């Protein structure tokens with residue numbers, strides 16, 4: 001398949017102009033154009049499950065008064081971030097499938113990458129707060145209601161919402177100041193900062209260092225603190241008298257632990273591929289990026305629907321009412 005690079009006349013580089021706003025070309029699924037209609041099926045299914053599943057979680061928590069507790073407020077915040085992450089990639093990915101629309105203006109690309117990275121940072125922060133909630137519930141159960149209050153959950157939620165976007169503003173806005181040269185081709189069906197920055201034909205040291213620092217002091221720090229929380233939880237669980245008690249207590253963490261693994265394992269894999277997989281086939285980069293962005297929003301509502309008794313019963317009740325009304 002021949003690729004034509006789309007750059008509008010107003011964005012062409014003139015001899016005395018070093019900056020322009022390219023129209024990027026989203027490759028989408030290179031080498032798989034012949035089976036594009038088959039690839040559409042799993043992607044459509046993932047979007048359907050992610051959007052409908054997270055909306056269902058939000059509806060259930062909102063309408064079930066017995067779920068108006070800090071733990072489920074945090075779960076609703078996780079569902080919101082998953083929903084935002086799915087909606088962020090939806091326009092360009094489905095545009096490629098439905099309309100073969102592969103071009104994206106620079107401004108739209110900036111907005112998309114800002115949303116994708118913001119919601120990724122938000123999800124990492126929400127998982128950290130949820131791990132602290134589980135730590136207090138298991139290690140300090142008598143003080144749980146005093147420590148984890150609705151007001152504190154709201155305050156933590158505001159910090160989560162603002163931390164990622166505020167920290168991302170400088171490096172996303174700075175992209176406007178860079179000149180771009182060479183084929184404006186991106187290797188995914190969506191915009192990522194680490195790809196766009198490689199197309200800049202100027203010194204991008206600040207963006208690279210700032211981005212690395214941001215990842216280390218947000219996502220990596222969150223992961224370390226989550227691991228520390230679970231270390232303390234395991235220490236407390238091991239100290240319980242019987243194995244039955246140990247299993248019962250630790251089962252309250254299984255949903256969150258699965259959500260942590262589903263989010264951080266693909267993220268670590270994608271980071272390793274970007275750092276050390278320069279000679280890896282393009283399909284590996286494509287697979288890891290898609291798994292990282294599409295799988296967690298799809299699996300999280302499934303995990304919590306299966307592993308959380310209150311959510312499972314609320315879903316059964318809701319579906320039963322709909323059946324009765326029909």
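Each residue, glycine too, has its Cβ placed from N, Cα and C.
Note on TrEMBL: of 14-37, 38-61, the range annotated with the feature transmembrane segment is 38-61. Listed stretches 73-99, 111-132, 214-241 were compared with the transmembrane segment (253-277); the greatest number of C-beta pairs under 8 angstroms is found for 111-132. Cβ atoms under 8 Å from those of the transmembrane segment (214-241) belong to residues 120-121, 124-125, 127-128, 131-132, 134-135, 138-139, 163-164, 167-168, 171, 249-250, 253, 257, 260, 264, 267, 271 of the same chain, restricted to positions at least 6 beyond its ends.
For the transmembrane segment (38-61), same-chain residues at least 6 beyond its ends with a Cβ under 8 Å from one of its own Cβ atoms are 29, 32, 67-68, 72-73, 75-76, 79-80, 82-83, 86-87, 90, 93-94, 97, 294-295, 297-298, 300-302, 304-305, 311, 314-315, 318. Long-range contacts of the transmembrane segment (73-99) within its own chain (CB-CB distance under 8 A, at least 6 residues past either end) are made by residues 26, 28-29, 36, 39-40, 43-44, 47, 50-51, 54-55, 57-58, 61-62, 112, 115-116, 118-120, 122-123, 126-127, 129-130, 133, 150, 153-154, 157, 160, 189-191, 259, 293-294, 296-297, 300-301, 304, 308, 311.
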